[in-house]
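As annotated by TrEMBL, transmembrane segment applies to 6-27, 47-66, 92-113, 134-155. What TrEMBL records for 67-162 is domain 'Cytochrome oxidase subunit II transmembrane region profile'. Residues or ranges marked as domain 'Cytochrome oxidase subunit II copper A binding' by TrEMBL: 166-337. Taken from TrEMBL, the feature domain 'OmpA-like' covers 389-505.
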Amino acid sequence: MTALIILLSIALLVIVILQISKLTELYSRIRGEEEVELRSNRNQGRALLLFMIGFLILSVLSAYWMKNYMLGYGPHKSASAHGGTLDSLFNVTLFFTGIVFVLTHIALFYLAYRYKRVKGSKATHWSHNNTLEIVWSAIPAVVMTYLVVKGLLAWNTVMADIKPDDSILEIEATGYQFAWHLRYPGADGVLGARDYKKVSADNPLGQDWTDPKNFDDFHPDELWLPVNKKVRVRIIARDVLHSFFLPHFRVKMDAVPGLPTYFVFTPTKTTEEYREELSKYPEYNVHKDPNDPASPLLWEDFNYELACAELCGKSHYSMRRIVRIVSEDEYNAWLAKQQSYYQSSIRNKDSDPNKGKLLGFEIKQNRDALNFSFDKAMVDTGIPSAPGAPDLKTIQLDFVQFESGGSALTADSKYQLNDLAEIMKKYPTMRIELGGHTDNTGDPVINKTLSQQRADVTKSFLVTLGVNASRLTAVGYGQTKPIDTNDTDAGRQKNRRTELKIIAQ
Ligand SMILES: [Cu+2]
């Protein structure tokens, strides 16, 4: 319906214009051609003047009207340390181009009015004027030099890389069609190595799993940064050109396939502080959905965002990611919740080159777990508080293992035995029993002998680590004390174990 009305209006307008031009033709035939032309010149000159005044006033008014929505003005002062430099550079440029904008428009329309054709007047031919040439070459040259020098100085400040003694957080953003894949360095503070040849379905960034620095790297959905901390972002593209854009921080850098780039910046305003600033402006005190008074106000709903500033394909818009600037404490709490990509998605899968090997971080996790068990056991009274309550004085040595069928310790067993020796030093009066256990496959007598040999080997190893033999008792229980069913593989595996019992504290 609307379309039909628009079409009809256009048709009517065309008819009106045709009729007017017909009228003018008739009129000029009556009044004489020249007279009509002069009159039309006069009218057009005046119309151009009117247009100029309206246009200039509206240009200024619309900028004023929109000022609280524009980056750099109102609540949108830069939220990064370097942003102010760029904003002031922008304002200086705006000042000069603003003057040129107003002057050229006045000249354009006023001259069209002033030098309209008048009866009897004749144009003068004016071929050259040295003074004018000098003036309109020199003024722009001086202004341009000033802008370029100021811009260069700003560029050098903004684009400076980190200094060797800077304390920074280095993260990585990889652009691909159509998202930003973020990577954080984890507890070691260093991003692990990557190689594009290793990119696969379960390794989207091509991380090299033989590099231990990759073990704690994690891939969050949102970009969280602590306020007032210098951040260096490594920017990478996996397919086409993208552009890493944080408008509120005046950060923008292209992500170029095959050419890693970076940007260093320091966020200076938390998300909360930015919202608070927005809340002071009426523009941001309206509901997100104007028809729903239950929807949040615009300032409450505000979040910083990471966008892609390169039109990279049809789903380009979906590259948006939320950015949160938080206090140091909130940041650390968030960090503690993040899971390493390697540990949650790769570890001990077929694609893990370290499958079956004990890694440094696991040795540490095992040590922490063993210490925790002892801490609990040493404060325990030994009297079970409830029937079926776990016996805290009995601790499984899950990482003390033997070559299959024999009594030789596997190479990785030394880690947990070392930890145990340390604990024995910490509690010098403690005495323990080392118990060897098997599952029920094979002959019970042979099983008992094997478990005794294994317990003895464990004891001897601890003695070589400096634990007095009198504090250690080795007992082979064979298959007599299963802790799980012997009917399944998993159950049998649990039953084959080395267990220690605290006999005296
Ligand atoms: Cu993109």
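Backbone N, Cα and C define each Cβ position, glycine as well.
No curator has checked TrEMBL annotations; they are predicted automatically.
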Any residues 6+ beyond the ends of the transmembrane segment (6-27) with a Cβ under 8 Å from its own? 36
As a test of reading the model: what is the averaged pLDDT for the domain 'OmpA-like' (389-505)? 85
Counted with DSSP (H/G/I as helix, E/B as strand, rest coil), the domain 'OmpA-like' (389-505) has 45 helix, 27 strand, 45 coil
For the transmembrane segment (134-155), find every same-chain residue at least 6 residues outside the stretch whose CB is under 8 Å from a CB in it, and list them. 85-86, 89, 92-93, 96
Its residues classified by DSSP, the domain 'Cytochrome oxidase subunit II transmembrane region profile' (67-162) shows 64 helix, 1 strand, 31 coil
